[in-house]
Amino acid sequence: MTRTVAVLRGFGPVFALLFGLQFISMGAMEMNGPFWPIQIKALSPSDSVFGLAGIGVYVCPMLGVSLTSAFWGRMGDRYGNRLMMVRALLGLAITQLLVAFAQDVWTILALRFLQGACAGYIAPAQAYGVEVTGGRDRARLFAWLQVATNVGSLGGAFLGGLILDALPFAAVNLTAGVICAFCAAVAWTSLPVPLGGAGLTKTAKATTVSCAPSTGVSVFGLLALMGLLLASRMVLQVPFSLYMSEVYGSQHWITGLSYGLLALGFVVAAPVWARTFEGREPSFVLGCNVLIAGGCFVATGLAGSTRAIGLFAALYFTWGALLGGTTPVLLSLVSAATRSERQGSVLGLAQTCQQGASVVGIIAGVAATQRFGLKAAFPLVTGLYGLSFLVALGLWLKARQSRR
């Protein structure tokens with residue numbers, strides 16, 4: 001806790017507020033995350049509708065985000081990332097409140113798509129963070145913003161499970177909508193408007209768009225690796241609650257807590273990874289990501305084979321800790337390779353790639369479990385991490401050759 005306070009003070013009071021907004025709003029959005037299959041199954045008139053809607057309830061908002069993130073990023077560069085943050089929070093609040101009153105799966109899917117199209121909060125928050133911190137220490141900046149997201153996910157999933165054990169599913173969405181509306185009001189009244197990016201350092205402004213001349217690794221290569229790592233993680237998004245019920249017979253709050261352990265592992269490890277990678281060459285970061293992908297391969301393979309819930313929880317936590325060294329650090333390399341006036345656009349593109357990869361992972365997970373049963377979920381995750389290992393290895397070897 002002391003270290004967290006010190007980091008927030010080091011970045012300044014505006015970042016502390018930004019951290020708090022990210023923590024609260026993303027936690028609110030994750031309150032219903034692990035429980036959508038239960039609600040969709042209750043509302044579906046047939047198994048075929050459930051199979052389609054069970055995918056769509058996660059894919060639709062991601063499609064919305066992937067289709068609009070680049071556009072909202074350009075709008076952020078033009079009109080300000082602070083305004084885009086407020087817009088996203090209002091969109092989340094309104095659609096969450098509407099979803100609470102939806103009583104058929106098709107209305108829910110339409111609203112979830114609209115939710116994604118109107119949202120896209122994370123990319124402008126990252127770009128705004130670069131502005132208010134002067135573009136310094138991006139790895140730690142993105143790591144701590146991701147920590148806020150994952151701490152919120154941990155608390156949100158657990159709180160959502162508690163609410164669902166006592167109240168109808170609509171209560172979860174109503175609570176999330178009110179919280180997002182509150183965050184929008186706080187962002188509008190409390191976050192300062194950066195004066196034309198004046199807070200950015202000259203070094204940040206002089207950064208070039210491509211990192212290839214100095215590292216031999218393109219921005220698109222980094223985005224591809226991030227996408228594959230995300231697809232691997234998202235395979236379990238839909239079947240997780242059903243897997244926990246079938247294999248362990250767990251209650252909703254245990255499912256929510258287990259779901260949040262991935263986020264908790266990330267929270268604990270991400271700042272450590274950020275300090276480890278601070279000032280390091282991209283080739284070092286990629287080399288570590290080769291080892292991280294291999295570690296994820298082992299952890300998920302063991303998690304899928306155990307029937308002891310204690311060991312499963314420990315492995316899920318370990319998996320999250322390994323993931324702390326992936327997306328934030330790779331994203332910081334992308335940001336550092338981008339001119340200051342294009343931060344919104346490029347981070348919006350990164351968000352589009354991440355959401356697209358998440359969609360692929362979700363569809364792959366649902367297709368595999370529908371075809372082969374829930375037992376196929378973890379082997380698929382393990383296989384995708386094997387592929388991630390090979391991609392990271394290729395990028396690392398290319399970076400080493402470039403240095404020579």
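Glycine is no exception: its Cβ is also placed from the backbone N, Cα and C atoms.
Annotation comment: Swiss-Prot describes 11-31, 49-69, 89-109, 151-171, 178-198, 211-231, 253-273, 284-304, 311-331, 346-366, 377-397 as transmembrane segment.
Between the transmembrane segment (49-69) and the stretches 178-198, 253-273, 284-304, 346-366, 377-397, Cβ pairs under 8 Å are most numerous for 346-366. Only sequence-distant pairs (6 or more apart) were considered; of these, fewer than three Cβ pairs between the transmembrane segment (11-31) and the transmembrane segment (346-366) are under 8 A, so the stretches are not in contact. The stretch in 89-109, 151-171, 284-304, 346-366 that contributes the largest number of Cβ pairs under 8 Å to the transmembrane segment (178-198) is 89-109. For the transmembrane segment (311-331), the residues of the chain that approach it from at least six positions outside its boundaries are 126, 139, 142-143, 145-146, 150, 222, 225-226, 229-230, 233, 248, 258, 261-274, 276-277, 285, 288-289, 292, 295-296, 299-300, 302-303, 347, 350, 354, judged by C-beta separation under 8 angstroms. Residues 21, 25, 28-29, 40, 43-44, 49, 53, 56-57, 60, 115, 117-119, 121, 170-171, 173-174, 176-178, 180-181, 183-184, 187 of the same chain lie 6+ residues outside the transmembrane segment (89-109) yet bring a C-beta within less than 8 angstroms of a C-beta in it.
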